[in-house]
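Asker: Dropping the structure in here first, questions after.
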Amino acid sequence: MAKAKFERNKPHCNIGTIGHVDHGKTSLTAAITKILAETGGATFTAYDQIDKAPEEKARGITISTAHVEYETQNRHYAHVDCPGHADYVKNMITGAAQMDGAILVVSAADGPMPQTREHILLARQVGVPALVVFLNKCDMVDDPELLELVELEVRELLSKYEFPGDKIPIIKGSALAALEDSDKKLGHDAILELMRNVDEYIPQPERPIDQPFLMPVEDVFSISGRGTVVTGRVERGVIKVGEEIEIVGIRPTQKTTVTGVEMFRKLLDQGQAGDNIGALLRGTKREDVERGQVLCKPGSVKPHTKFKAEAYILTKEEGGRHTPFFTNYRPQFYFRTTDVTGVVHLPEGTEMVMPGDNIAMEVHLIVPIAMEEKLRFAIREGGRTVGAGVVASIIE
């Protein structure tokens, strides 16, 4: 049978399965593709095909991630599933697979476990907007009261990490029953019920092009007789010739007007998310702008020096540090296009951080950088990556 061509006319959404090891994340991923394949919305991908996930590199870190795609009545989905716990931590922190929402898989037989808690915390820290819960292996639990107890536990845990625990949809079912066609209610029907909830409960992400304009500065040239041209890839939004923008980061914020946009040496009337452009800036001197700043819609992004972050520190085998670090550690933080030195303050009770740890920390940069929550960065020492992080909240 020929592979069905995915229609791109449906809104797109990125999701993933998260949860404790062996609670059934990969089985559920396989089950979703199986059930949706019945209506032509997917190609069935078996468990063992998903489980041997290829390795990818993101921000200098190797991560194993499996990708499947499928569609429901309403949306087209790209779905990520990771084989190991460390891969989830790295994936969520580096944003290698951006998640607009996630399906938290909890085994009804075991209830919430340590990684269930850790994945919920990570989802909160890295800014995953919404979770839907699949209570898996319900065919192994005969006592309905026990199921209710597990559901209550999951809701309490979600609320503890500031997700709306009492509102989040929890679907009871069995991925195995769906894969083996053994119990229609817990298998087939539960998967469809899950996808209906994912469709309705996970908000449709705003497309990059609809967000306020932002472009990281990669290079600055001065063109005699024309002025200063700044090049970079537009991260989001649209910039039109004649619009006012701000130059933010490193030094005091400046306002200027874009008097020209070019791409591949051709003049355009606008540049948009994904385009590599050169922007001609009115009355701006070559020395007024530098790599590491951003051009943005006025007032949309502010420069900051202090923030809380969630970070993953590479192991020695991954090319990271061989030794732990302590509070007042001073590496470089690579934001978008440049390194800035910063000082790390560890939370109370954390003496040191070992290679391979993930950690919440406070960072004070020596110069301000245009930043907002969810912005990713690399932690570097002399140009080599020793960690990755994400801005969890801004202090000042």
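Don't overthink the numbers, they just go from 1 along the chain as shown.
Every residue gets a Cβ built from N, Cα and C, even glycine.
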Asker: Pick from 50-54, 60-64, 125-129, 155-159: which range has region 'G2' per Swiss-Prot?
Answerer: 60-64
Asker: State the residue range annotated as region 'G1' by Swiss-Prot; the candidates are 19-26, 203-210, 283-290.
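Answerer: Comparing 19-26, 203-210, 283-290 with Swiss-Prot, region 'G1' matches 19-26.
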Asker: Region 'G3' per Swiss-Prot: which of the ranges 81-84, 113-116, 233-236, 273-276 is that?
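Answerer: My reading of Swiss-Prot: the region 'G3' range is 81-84.
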Asker: Check each of the ranges 136-139, 268-271, 296-299, 304-307 against Swiss-Prot and return the one annotated as region 'G4'.
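Answerer: In Swiss-Prot, residues 136-139 carry the label region 'G4'.
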Asker: Taking the Cβ of Asp22 (GTP binding site) as the centre, count every other Cβ atom within 10 Å, in any protein chain shown.
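Answerer: Neighbour count, Cβ to Cβ under the 10 Å cut-off: 13.
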Asker: In sequence order, which residues at least six apart in the same chain have a CB under 8 Å from the CB of Gly19 (GTP binding site)?
Answerer: Lys25, Leu104, Val105, Val106, Gln115, Thr116, His119
Asker: How many whole Å apart are the CA atoms of His85 (GTP binding site) and Thr26 (Mg(2+) binding site)?
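Answerer: For His85 (GTP binding site) versus Thr26 (Mg(2+) binding site), the Cα atoms are 13 Å apart.
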Asker: Out of Lys25, His85, which of the binding-site residues is least crowded by other Cβ atoms within 10 Å?
Answerer: His85
Asker: Measuring Cα to Cα, how many Å separate Thr26 (Mg(2+) binding site) from Cys82 (GTP binding site)?
Answerer: 8
